[in-house]
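The structure appears below as structure tokens.
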């Protein structure tokens, strides 16, 4: 009987001690006891990992503008834009006036040939090193249209005996394409090309190398190129854009078109 009573007292003391110890912090550097074979105590100063809330998914519309710009850029490159620009017979176009009086630049170039003797002294003009730079994308204030800026750079190698050497000119030009959403008679949504033209004032022509020619000759050449190049390059880029829009991913087209139709802004700056 005495032994049973002693055991009861001992168990009570142990239970009380355990309860008191449960309220005390663990000694510094001592981790929670783990079952054998299930790991080591946590390193000094490292507590138990806190529960982390899953990251909220980003707004899907945030990705649309970037995906669309990438699709346009990739389409222009895969469509052979750079090769098309490099193979433009620029001198023939200039001297032929675009092929006819109703051609790309009308009868302007024919008049230039007769009025500017410099053209008759140019043996060749070649387009080299064409590049497509990073596209820009903005949305109209009313949210119903997109404007894609297609920045291009290239070099012109001009063979002019009157100068005595090759001239190399750097050219930069932006083409701006308006893109709108349309529904056909069957209710299907499409992205279509609106206005497509060179951006006014975006043409830059810079002399890169060689002996500086007589200023009047350089001014005359620059004046001719300023009248010819923008429309010529525009005529190569815009049809490609039109074809790219008709071949874009259906889901991408639908998502963008829905936002444009309802005037929802989704382009911040691309």
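Positions of Cβ are set from backbone N, Cα and C atoms, glycine also.
Here's what Swiss-Prot has on this protein:
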- 1-19: signal peptide (SIGNAL)
- 104-109: region 'Important for surfactant activity and antibacterial properties' (REGION)
- 174: N-linked glycosylation site (CARBOHYD)
- 196-238: disulfide bond (DISULFID)
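Other Cβ atoms within 10 Å of the Cβ of residue 196 (disulfide bond) number 19 in total over all chains. If you measure from the Cα atom of the residue listed as 'N-linked glycosylation site' to that of residue 196 (disulfide bond), you get 11 Å. The Cβ neighbour count for the residue listed as 'N-linked glycosylation site', using a 10 Å radius and every protein chain shown, is 19. Using a 10 Å Cβ-Cβ cutoff, residue 238 (disulfide bond) registers 18 neighbours. The secondary structure of residue 238 (disulfide bond), as reduced to three states from DSSP, is helical. The secondary structure of residue 174 (N-linked glycosylation site), as reduced to three states from DSSP, is extended strand.
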